Amino acid sequence: MPKRLDINTILVIGSGPIVIGQAAEFDYSGTQACQSLKEEGYKVILVNSNPATIMTDTATADKVYIEPLTLEFVSRIIRKERPDAILPTLGGQTGLNMAVELAKSGVLEECGVEILGTKLSAIEQAEDRDLFRTLMQDLNEPTPPSEIIHNLDEAYSFVNEIGYPVIVRPAFTLGGTGGGICHNEEELIEIVTSGLKHSPVTQCLLEKSIAGCKEIEYEVMRDSNDNAIVVCNMENIDPVGVHTGDSIVVAPSQTLSDREYQMLRNTSLRIIRALGIEGGCNVQLALDPYSFQYYVIEVNPRVSRSSALASKATGYPIAKLAAKIAVGLTLDEIVNPVTQKTYACFEPALDYVVSKIPRWPFDKFESANRTLGTQMKATGEVMSIGRNLEESLLKAVRSLELGIYHLELDHLKELDKETMKKRIIKADDERLFIVAEAIRQGVTKEEINEWCEMDFFFLQKVENIVNMEREVKANVGNMEVLQTAKEMGFSDHYIAAAWNKTEREIYDMRKENNMTPVFKMVDTCAAEFESATPYYYSTYAEENESIVTDRKSVVVLGSGPIRIGQGVEFDYATVHSVWAIKEAGYEAIIINNNPETVSTDFSISDKLYFEPLTIEDVMHIIDLEKPEGVIVQFGGQTAINLAAKLEEHGVKILGTSLEDLDRAEDRDKFEAALTKLGIPQPVGKTATTVEQAVAIAEEIGYPVLVRPSYVLGGRAMEIVYRQEELLHYMKNAVKVHADHPVLIDRYMVGKEIEVDAISDGENVFIPGIMEHIERAGVHSGDSIGVYPPQSLSEKLKEQIIEHTIALGKGLNIVGLLNIQFVVFENQVYVIEVNPRASRTVPFLSKITGVPMANVATKVILGQDLVEQGYGTGYHPEEKEVYVKAPVFSFAKLRSVDTTLGPEMKSTGEVMGKDLTLEKALYKGLVASGINIPTHGSVIITVADKDKEEAMEIAKRFHEIGYNLLATAGTAQSLTEQNIPVQVVNKIDSEDYNLLDIIRQGKAQFVINTLTKGKQPARDGFRIRRESVENGVACLTSLDTTRAILRVLESMTFSAHSMKEITQTKRHEVVHA
């Protein structure tokens, strides 16, 4: 049926900030949906709270609201805009939950708004565990034995009947939040309590564990005419028991017989039809490896992480087509945008193998529990494509950017068989590497299968890789062996180490022997029809399908998988850079490996290469395309780290030169440059040994800030207050030597300022200056940023502008630069300069209207700032106040300390904007998930060094009617200041104590600052973790606390007795 003409305006709900379980895939799907609806002539209104996305660019929709995704704000937008319909199925779990809340509140009915795509009843049937189970029973579809529970007693009675292990699945949550596998009563109490707390409807499904079955996913589409197709089916290498977002996944499925494939396909189509879903849907199934028994695990009635993967794996743009189906078009009316000949009702066919490996944040959080279960922990993922599974897997391994080029990790070589067995059974992020190590050490496939029930097919593939390693080592210099190894995806890096040569020597050896990969096209139809997509992957085969044009081209390096410190902000900059290259008349080529992002949508660039970002893989593309040069400054540290090797290969780095990049990153060169420019910086030195570090710290004086050089996201950065902490850091956090020095700076407790600027070598243009609420010492990515600065004098602002211009010119920056300053005792010091795009680029671009990545790209391509209508100086400040607030995923990562410091911990960000700082802060805090009640109780436990400062804060909480709770030490200080306080027992007390208050939800805020000595077993750590587990806002920085107080005070009417007012006035008269 043709598209609907009875609706004109559609509100699309975004997915909000990036958190574990909901990452950049919704920027991709949301952007596609908005463009798709606009193509059909609808007016599109978008609401999302995340400024770091392409989706929230003003060009994506007709009207863009960057506001909190809460009932209060979304209702206000609906009442103001009066859309005809809302489309919530492209905004992840956030979008679905928002639609349910809007419907229940009555606002949709009040404003006559209908829900498109998937009916409310279908959302509830798929998301409500009880309704879903009933539907499956009606369809005669098997589900594991299960029970819906609302409290612990119901959980006990189910377990007594069915036995352990059981899986807990909370209703209406994201990424398995709050869920898990329980093997005993202790785990049952902990996980059920957590699950009920995280479910917005206080409901969990308890089901008998079917861990060990194969986990299969079907990505299906259906339209209003009941046409339904399977876009892609995927198989998890990890059996059931590990969340699919934490599983290694391959597409298409590799181990199903035709009968099994058709059986599960029919089930998936039957379910999507029964739910009446119009659009995309993801069905997760479990299959017993020894029979045809299967179970339906769950259904996501929306576009999901898996649909982003399926879209990139097949080239079939699910979100784009789901949006068209939502407005009434049918699959047999929509042309497949890939072939531009066939229709969307043709099921895609693949003649290659796709592998997805999750990217976990454990390199950032060494104390985190690495065990994988039903609650997701990965922040992002990589995808790779090969002609066989071995090639595909090894390409994915080297895409992870953990400095790994092969399926082996040195530290696993020491493991004995018993340890390997335990870790393979338990499943952690290194399981596949441990399986390979076990095979190297002679453990049989049968034993490994017994331990973890991984299919023999996958174990055989790992064994093939291990056997090939032996071949490579036994045949040094043999070209036939080299050819076979390359066909299996072995890297030059691995072969060089095995043959005792350099990577460059292997590369040259291959070129001399014409041993180079070809590029194949991703075309949705296994080459059955001609395809129009410029979307390629490399493989060692005969025919090359990537045709080089005679146009001048520029290569942009993407930023790889989403991880803490390098988020979707860099993808935003990459996409804008690609658009600018096209505007400037060049062919834009992008290399990236993240299936979740907008940059890997083949319609963005002229050519997309889905490849690992290693020197070998990038050089293959450059050798073929022979571009004018490569842009590295938008791909975060990933791309910057490739610059030197690319230049060694004779590749031109466009923009800031390698020498100047190095001058900003190398400590001694940077110091020399600052001295020459007369710009002050905190006293600091470089240490290459532990002894040197101790001597430097003594000379500078504690506290000192220590960090390795060349890092992103403050990795392994710490403030240390005394010598034993420094020794602990040097021993545990870094491996210091001449090539990897450690930087040691005096730690200045001052106001931190962040500046983004664009330089063309002559002119330096500054779109914005941001002030951080938390003082220096908290990583800029974890600070609340405010634009324009609220407390800087004009004199200090001028100093900052002068220093920025001097640095842009003095460091010969061509393109973007990001500078962090600290204001200490009314003097501006430079902390660091990053000669690249920073994570604040999208935020400032949206606020100021200056498309920073676009302008910087054109500068890099030779169009100076004046030609583009900008000059030297500071862009006029906006009237409104904008706040960038960090969002954390601590609830997903057990045993991680939530204290803020110089190492970045946030996964995403939101924006709040309004006419006053207080209102903007309120929006930013609410959007980031912090509840701001106007009354209640606050627990205060602070370190001795913070007691004095905490008194003023406590007094202000008391003034607005909050009840103060504190342990004996802090309580005594409060009583001495005549501030009423209730004493609570410390956490080691047998009686009712501080943790009980948090668990029972009797505190609205916990203020807890760090006591020195960082062992996680400490009291403070337990208080902070208990707060996170129970959803209580835990404030570890007094600066953040003050910001929240400002908001609370602005929301509270003053309530003083007349006597207090007259006393104050008399006091003022006396002192006048």
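For all residues, glycine too, the Cβ spot is worked out from N, Cα and C.
For the ATP 2 site that Swiss-Prot gives as Arg707, Arg746, Glu752, Gly777, Val778, His779, Ser780, Gln820, the extra residue drawn from Glu698, Glu762, Glu794, Glu832 is Glu832. Each residue contributes its Cα atom, and for Gln820 (Mg(2+) 3 binding site) and Asn834 (Mg(2+) 4 binding site) those atoms are 9 Å apart. In this structure, the CA atom of Glu298 (Mg(2+) 1 binding site) is 45 Å away from the CA atom of Asn834 (Mg(2+) 4 binding site). DSSP assigns Gln284 (Mg(2+) 1 binding site) to a strand. Asn300 (Mn(2+) 2 binding site) sits 44 Å from Glu832 (Mg(2+) 3 binding site), taking the Cα positions as reference. Note: the CA-CA distance between Asn834 (Mg(2+) 4 binding site) and Gln284 (Mg(2+) 1 binding site) rounds to 44 Å. Distance between Cα atoms for Glu832 (Mg(2+) 3 binding site) and Gln284 (Mg(2+) 1 binding site): 47 Å, as a whole number. Long-range Cβ contacts of Gln284 (Mg(2+) 1 binding site) within its own chain (separation 6+, distance under 8 Å): Glu215, Ile216, Glu217, Thr244, Val296, Ile297, Glu298, Val299, Asn300. The local packing around Gln820 (Mg(2+) 3 binding site), expressed as other Cβ atoms within 10 Å of its Cβ over all shown chains, amounts to 19.
DSSP gives Asn300 (Mn(2+) 2 binding site) a strand state.
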